[in-house]
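Each remark here refers to the structure printed beneath this line.
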Amino acid sequence: MSRNYNDELQFLEKISKNCWRIKKGFVPNMQVEGVFYVNDALEKLMFEELRNACRGGGVGGFLPAMKQIGNVAALPGIVHRSIGLPDVHSGYGFAIGNMAAFDMNDSEAVVSPGGVGFDINCGVRLLRTNLDESDVQPVKEQLAQAMFDHIPVGVGSKGVIPMNAKDLEEALEMGVDWSLREGYAWAEDKEHCEEYGRMLQADPNKVSARAKKRGLPQLGTLGAGNHYAEIQVVDEIFNEYAAKKMGIDHKGQVCVMIHSGSRGLGHQVATDALVAMEKAMKRDKIIVNDRQLACARIASPEGQDYLKGMAAAGNYAWVNRSSMTFLTRQAFAKVFNTTPDDLDLHVIYDVSHNIAKVEQHVVDGKERTLLVHRKGSTRAFPPHHPLIAVDYQLTGQPVLIGGTMGTCSYVLTGTEQGMTETFGTTCHGAGRALSRAKSRRNLDFQDVLDKLADMGIAIRVASPKLVMEEAPESYKNVTDVVNTCHDAGISKKAIKLRPIAVIKG
C-alpha cells in the first residue's frame, strides 16, 4: 500500500534552518535516521521530487533522493545517520550527494558500489598560476585551443601519453607515484592530493581484463559528460588567510580546474562488482530495499575484491588528472613561451568526489574505524587533521567545488563541525535538477554555446550535442549549494572562481 504525499510528510521534520531529519519508518528497516541539508530553494526541489514520485512520476527510473537516503539508512552496519548534502539528486542505488559510514568492526557491515558510483574517483584538481586575467584575455582563444589540442577530449578519446599493459598495471598500483616516476608530475603535486594520490590497498589483479582493456587507451583523456577543464579567474576571496596558504593573493589571478575520473575502467570495475555482489547477497542472505543497492559484507571476498579494485581505479583517476596537469602545463608554457615553473603552475589541491575509504571518526564519544562512502560528496577535514598536507594544517583541507559549465566554482575549507555532523564531508558541485534526457529535450545546444560566448567564455567542445546535458539550466545553483554548507557550518567558503574558457568532451 503506497502512502500519499501527506503521509510521507509525517516522517520528515525540519531540525534547523538548513537541515531536515528523515525519521525511521519513512522506508522499511531503517537502522538509523536520515538527514539532508538544504536552503529554501533547494528544499523546494527536494519536496517537488517526492511529490512527483507519490503521483507515480519516477525520476528517470530512479527513486526520489529522499527515498534513496532512507534506503541507505537501512543498509547493515550503517552508523550515526545517512546524510544527503545540498546537491543531492537521485542516482544509481545511493543518491548522488548521499554519504554514509559503516562500522568496520561490525561483521554484518557492508560495502556498496552504488555508494561510490560508476565513475570511481571522479574528482577535481585546481592549479594556480602567477598570471592575471589581463595577461590571459588577449590570448584566451589561443590558450583554449592549445589546451584542446594538448588534452584528448570526448567520448572515445585516446590518450597521448604512451602506455603499454605493464605501465597500466604499475599505474593502477602506484597512482601519482607512477606519474612522478615517469616525469609527468612534480614532487610537490603529490603532497596536495587527497590520499597523496595513491590508495595503498589497490590491487591491479582485482581489475578485470575487460576493465583494463577499456582503461589502457584512455589515460590522460578528459572524457565526455560533466568532465571539463576550465581556465578560471579568482572572482572573490572570502578567507584571505586560507587563500594565501593556497597561493592565491588577488582577485583576477588565473587558475585551471580539471574535472575528470577513471573513465571506462572505473565503470567496468563497478559493473563487475555489482554482478559478483548479487551472488554474495543471496549467499549471505543480505536484504536491501532497492536492488540497485547491491552490496557485500566488508570482510567477504567480494567486499575485499571490490575495495582493492576500486582503489586501483582510484589510482588510475589520479594518474589521469596528473597526466592532464602535465598537458595543461605544456599548453600554457607554449602559449606564453616560457616554462610551467615560471608560470607557477602548482597544484592547489586534488579531491575525490566518488570514493569509499577507511577512516577514524568519533561516534557517540567513541573512536571507531569506519568505511566512509562518499558519492557525489567531498572529504572536508578540519584544521590539524593528521591526514591533510602540512601546508593546510592551519586552514583545514581545501575542498574543490566545480560549478557547471559557465557558472562559478568554489574552494571551501573543512571544519570541526563537519567532522562531527557529516564525517568530515561536504557537497561536491551543483547537483542535477534536470535529467540528461530532459536537458536534451528542453535545451538547444546552439543556445547554450551562444550564451557562453555572450558571457565572454571561450569554449572548445568535442561533442556539441552533449552540451545541453551540462547546460547551467540542467543543474541546481552552485551558490545555493555552497552557501547551504557554509551556513550549516560543515564547510566554509574561501574562494570563488569564474570561468573564462572551458574545454569539454
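Glycine is no exception: its Cβ is also placed from the backbone N, Cα and C atoms.
The following features are taken from Swiss-Prot:
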BINDING   Asp119, Cys122, His227  Mn(2+) 1 binding site
BINDING   Cys122, His259, His353  Mn(2+) 2 binding site
BINDING   226-230, 353-354, 402-405, Ser409, 428-431, Lys504  GMP binding site
MOD_RES   Ser300  phosphoserine
ACT_SITE  His428  active site, GMP-histidine intermediate
CROSSLNK  Lys496  SUMO2 cross-link
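Here the candidates are the recorded positions Cys122, His259, His353, Lys496, and by Cα distance the one nearest Gly431 (GMP binding site) turns out to be His353. Each of the recorded positions Ser300, Asn354, Thr404 was scored by the number of other CB atoms within 10 Å of its CB, and the largest score is that of Asn354.
Sparsest Cβ environment among the binding-site residues Cys122, Ala229 (other Cβ atoms counted within 10 Å): Cys122.
His227 (Mn(2+) 1 binding site) sits 10 Å from Thr404 (GMP binding site), taking the CA atoms of both as reference points. The two recorded residues, Lys496 (SUMO2 cross-link) and His353 (Mn(2+) 2 binding site), show a Cα separation of 19 Å. In terms of Cα spacing, the recorded positions Asp119, Cys122, His259, Ser300 that come within 10 Å of Asn354 (GMP binding site) are Asp119, Cys122. Summarising the environment of His227 (Mn(2+) 1 binding site), the number of other Cβ atoms within 10 Å of its Cβ, over all protein chains shown, is 23.
If you take the CA of His353 (Mn(2+) 2 binding site) and look 10 A around it, the recorded positions you hit from Cys122, Ala229, Ser300, Thr404, His428 are Cys122, His428. Between the CA atoms of Thr404 (GMP binding site) and Asp119 (Mn(2+) 1 binding site) there is a gap of 18 Å. For the recorded positions given as His259, His353, Lys496, the lowest number of other CB atoms within 10 Å of the residue's CB is seen at Lys496.
The subset of recorded positions (Asp119, Cys122, Ser300) lying with their Cα within 10 Å of the Cα of Ala229 (GMP binding site) is empty, i.e. none.
Around Asp119 (Mn(2+) 1 binding site), the C-beta neighbours below 8 angstroms that are at least 6 residues distant in the chain are Gly261, Ser262, Arg263, Gly266, His267, Asn354.
Taking the Cβ of His428 (GMP binding site) as centre and 10 Å as the limit, one finds 28 other Cβ atoms among all the protein chains shown. If you compare Cα positions, His259 (Mn(2+) 2 binding site) sits closest to Cys122 out of the recorded positions Cys122, Ser300, His428. With respect to their backbone Cα atoms, Cys122 (Mn(2+) 1 binding site) and His428 (GMP binding site) stand 10 Å from each other.
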